[in-house]
Structures are given as C-alpha cells and as structure tokens.
Amino acid sequence: MRLLIYLLFILGCQTVIIRSQSCKILNSNLSGSLGDVIENRGGRESRCWIIKVPKRKVIGITIESLMFQLESRNLHGLVIFEKRTGREYKIEKKSDVPIKELKFGSDVTITHLIGSHNYAFTSRIKLLYKFETGFFPVKFDNGVLDSGVSWLRNQSSDIMGWKDNTPRAVVALFLASAVTFDGNVTEEELMANQVELKTAVALMKSATSISELSMLVNALLVTCYNPRMFHGEDVVQRLKSLVTRSRDVVHPVAYLALCNANETWPDRATDDLDSVLNTTSNPQANQDMKAMAVMALSCYVYHRENNLPSNQSSETMRLYEDTIENFKALQFSDGSFGNVYTTALIAQAFVADMERDWNITTTAEYLMRELDSSPNFLTAYLVLPFLNGKSLVDVSYTNCSAHPRKLSDEIEDNKEVVTPIMQVKYSLFYGDKKRVIQSMYLGVPENSTAYHIMEQAEIDNPKYYTFKRKNIKGAINVFEMSGIPNDPENGNYWTMFVSPPKRPETVTYSDKSPDELIMKDAQHLVMWYRSHRF
C-alpha cells in the first residue's frame with residue numbers, strides 16, 4: 001500500500017520512478033550534504049539517492065535551498081521517502097518546504113524529479129543531513145527530566161541505595177543520561193557497589209525469581225560489571241537456565257535482559273512471546289506485557305537481524321507488527337494509553353521500534369505532567385528513559401570497553417581476596433516466651449557490626465526496626481525498639497542475642513556494645529524484649 005501511494009504520487013507528476021531503480025548510495029557519516037541541479041530542455045528526468053541510517057541512529061534532514069525556475073504542480077519536485085515506515089514528504093513548490101528539520105529512523109530515499117513538459121528550465125536542490133543518537137522528532141523541555149532525575153536521586157540512602165529498587169534505579173538514571181559509571185564519580189561508584197551487593201545477596205538465595213534476575217542483569221550491564229563473570233557466577237546463563245526450565249509462560253522482561261546481554265534465546269522464546277502478544281485476558285496487564293514483548297523483539301531484531309530461534313518466526317513478527325499498530329489505536333486524546341505506567345511502557349516500546357507514526361508530543365506532555373505532579377519510584381523508572389529518547393532496549397548498547405569494572409576478587413596484584421559479602425538474619429523477639437515480632441535477611445559487607453546491621457534494617461523496614469539509642473560511657477545503649485521502650489518497673493528491657501555462625505536456631509546473650517560485636521556470615525542477630533535476669 002505504501003509503495004502504491006508513492007507510485008501514484010509520481011504518476012501525478014507525469015513520470016514514473018521505479019523504486020528499484022539504481023540510486024546512488026551516500027556514505028553514512030556523521031554529517032553530509034546533497035546538492036543537485038537538473039537543467040532540462042523538455043521531457044522526463046529523475047535522480048535518486050539512498051542514505052543508509054545506522055541502527056539506533058536518527059537522521060536529520062534540512063532543506064537548505066530549493067529553486068524551481070517554474071513553480072507548477074505536477075511539473076517537478078523533491079520526494080523524501082523513509083523505507084521502514086513508508087512516510088514521505090513531497091515538495092513541489094517552495095511553500096512546501098518544511099521549516100523544521102525532518103527526522104527519520106531508517107533508510108531514506110531522496111528523489112529529485114522533473115515531469116513531462118515542453119519548457120526549458122533549471123531545478124536546483126541542496127539538502128544537509130546529519131546522524132545522531134536519539135529518537136524524538138521534536139525536542140522537549142529538559143526541566144521535567146532534570147527534576148525527575150533529582151527526585152529519584154533524593155530517594156536513595158548512602159547505605160542501602162534504593163533498597164530492593166536499586167537495580168532499576170541505576171538503569172533509569174543511566175538511560176536518562178544522568179550517570180555514566182565510568183569510574184570517575186564517587187556517587188556513581190557507591191551506586192555500583194550497591195548493585196554488586198544486591199546481586200551477590202540475590203545469588204545466595206535459591207528462590208531468586210526470573211524477573212528479579214532479569215533486572216539484575218540489566219543493572220550489571222549499565223554499571224559495567226560483566227554479568228558472565230560475577231564472583232564466579234555466570235548470571236546470564238543462570239537466567240537462561242531458569243527461563244528454559246520454567247513451566248509457565250516466561251515474562252518478556254527475561255528475553256529482553258538476555259538480548260541486552262547479547263545472549264541467544266532458547267527455542268521456547270517465540271512460543272512464550274506469541275502467548276503474550278495473543279492474550280486477551282486482563283486488558284490492563286495485557287498491554288504492559290505486550291509492550292515488554294515488543295521491546296524484547298525489537299532488541300532481537302536489531303541485534304540478530306530477525307533470526308528468531310523458531311520456524312514460527314514469521315508469525316511472531318506478524319504479531320509484533322500488529323501489536324504496534326494496535327497500540328496506536330489505544331491512544332487517548334490526552335496522549336495516554338491507560339494509566340501512567342502502561343503509557344510509559346508503550347511509549348518505550350515505540351522508542352525501541354523507532355516508531356513515529358503516533359502523537360508523540362501529547363504522550364510526552366502527559367508523562368511530564370504525571371512525573372512532575374505525582375512522582376513515585378515506578379513512574380520515574382519508566383518515564384525518565386522515554387523523556388531522554390531511550391528505552392530498556394538501550395541497555396544493549398552500553399559500551400564499557402573503555403572502563404570495565406573490576407570485582408573485589410579481581411583487584412590488582414592478583415591478591416587472594418574473599419568476596420566481602422555476607423548474609424545475616426536479624427529478628428525481634430518479644431516476651432519471655434519468645435514471640436517473634438519480625439525477621440529479615442540482610443546482605444552486608446564482611447566484618448559489619450551488629451550496629452551497622454541494625455541501622456540498615458531501620459532504613460529498610462522502619463515500621464519494625466526503628467530504634468532509639470544513647471552512647472553511655474563508650475557503649476551504645478538501646479532503650480526503645482519498634483515503638484516499645486524499656487520498662488524499668490516491669491523489668492523488661494531490650495537485650496542483644498546472637499547465634500554461632502550457620503546455627504541461627506541457637507542464640508545466646510551478648511554483653512557487647514552493638515558497635516563492637518562483629519558479625520559473621522550466616523549468623524542470627526536478635527534484639528529481645530524480655531525480663532531482666534540478674
């Protein structure tokens with residue numbers, strides 16, 4: 001259909017340009033120019049050029065000058081045609097020349113043509129073009145992006161980062177171009193260390209989910225860790241193994257993470273993605289999952305030239321294209337596609353596909369309003385990359401060749417270094433019958449003190465682990481925890497207990513100050529509210 005429209009236009013100019021005609025291929029440099037003059041004494045004439053647009057690049061074309069000696073419709077013109085979308089600009093008079101720079105995300109064919117006539121005249125054109133990384137055909141005010149980045153940074157703590165959201169936070173900041181993780185910024189190095197710690201703790205657990213592992217792979221990639229050599233673990237292969245063994249339809253975020261890590265997909269991938277793209281249950285969740293599936297497929301198409309691991313790849317690609325078209329039909333007048341999260345995911349899917357045939361401006365304005373008026377973590381995580389013209393697929397383009405990150409067991413001089421990560425259990429007991437109020441596991445650096453663990457738990461779960469303390473003669477005295485103070489009249493006090501390493505079920509009283517008690521891996525720390533015993 002797009003080809004037919006193009007041919008009909010050319011016929012309107014009283015000439016036929018065959019799309020397969022030999023066109024000159026222009027070099028895909030950072031910038032260039034195209035000038036052409038046709039001095040015609042009658043008859044039909046045309047010339048064409050093809051500019052190849054590299055993957056994940058955008059070409060900007062500006063018409064610097066255009067001179068038609070005789071301005072008449074259907075006499076001569078300039079056609080700019082984008083291969084992938086079929087979008088075209090037809091210019092037959094100076095008044096047709098767009099004021100703004102035109103932007104395209106795929107190969108462009110430029111045709112300078114003259115139709116059949118009985119006049120002698122000159123037709124002259126000059127175009128400038130340049131390549132850039134990005135997506136938007138229009139520019140947006142960066143104020144909201146900057147304030148969103150600031151808001152997200154302010155949600156972090158020095159010790160715990162963004163807690164469980166740390167992997168996603170660093171990805172969002174990276175895709176917003178707010179961090180580089182090149183080893184030169186102290187704050188960014190702290191973020192990277194928090195990702196390392198979070199990943200190490202997750203790998204110690206036997207029940208790490210596919211989604212959690214996928215987010216960790218993305219975070220390792222942007223922070224320049226090698227997920228294939230992480231403290232003796234190949235995190236990418238571990239994820240792929242979980243995907244392969246899963247009895248359920250696998251979340252598309254896993255396939256996106258595998259592609260971002262340049263890993264092939266298992267044979268079941270197309271079946272899983274087809275199931276997601278075909279599903280009709282739970283419409284709201286459907287669109288979210290479909291947007292993630294589109295991003296996963298966009299990544300695979302760009303990196304592996306559509307070589308999907310299945311004989312059903314043509315059906316999968318049909319569903320992929322249909323889903324993109326269906327997304328466009330969902331757009332409301334305010335630019336949204338549903339709630340803010342679904343809108344941001346679909347917008348990222350369009351970015352990943354380099355799709356521009358939708359109302360980008362109203363969507364960007366909607367998302368900026370939402371981020372500016374009601375910020376929360378998930379909104380920031382999903383919206384910030386889009387406002388910077390990026391999607392989760394851009395994780396796959398991370399280049400750490402100039403500054404690969406070394407792990408603690410890879411430090412110089414080949415010294416034998418024990419991984420400074422350990423896991424401890426921290427519980428609150430109440431009453432002489434040892435009723436458990438709360439328990440949690442914490443990943444902490446080696447040689448952390450009980451006091452350090454208590455501080456981390458307070459940040460992570462303030463509802464239960466907030467405590468009051470006072471330094472008395474060099475020792476830390478805890479006099480209230482979880483809103484429960486020491487009760488001298490009843491003789492009830494908060495007292496510290498600790499287990500031997502790897503025997504968390506057996507705890508004994510410790511008379512040390514919390515900042516002097518050095519914890520070991522697999523120990524159990526307990527603060528116990530009980531009657532004082534002399």
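Positions of Cβ are set from backbone N, Cα and C atoms, glycine also.
Residues or ranges marked as signal peptide by TrEMBL: 1-15.
The disulfide bond annotation in TrEMBL covers C259-C299. Spatially close to C259 (disulfide bond) yet at least six residues away along the chain are W265, A296, C299, Y300, H303, V393, S396, judged by Cβ distances under 8 angstroms.
Annotation source TrEMBL lists cyanocob(III)alamin binding site at D288, N339. DSSP classifies N339 (cyanocob(III)alamin binding site) as coil under the three-state reduction.
In the three-state DSSP assignment, the secondary structure recorded for C299 (disulfide bond) is helix.
Counting only same-chain residues six or more apart in sequence, the Cβ atoms lying under 8 angstroms from the Cβ of N339 (cyanocob(III)alamin binding site) belong to Q284. The recorded positions examined here are D288, C299; by Cβ neighbour count within 10 Å, the least packed of them is D288. Following the DSSP three-state reduction, the secondary structure of D288 (cyanocob(III)alamin binding site) is helix.
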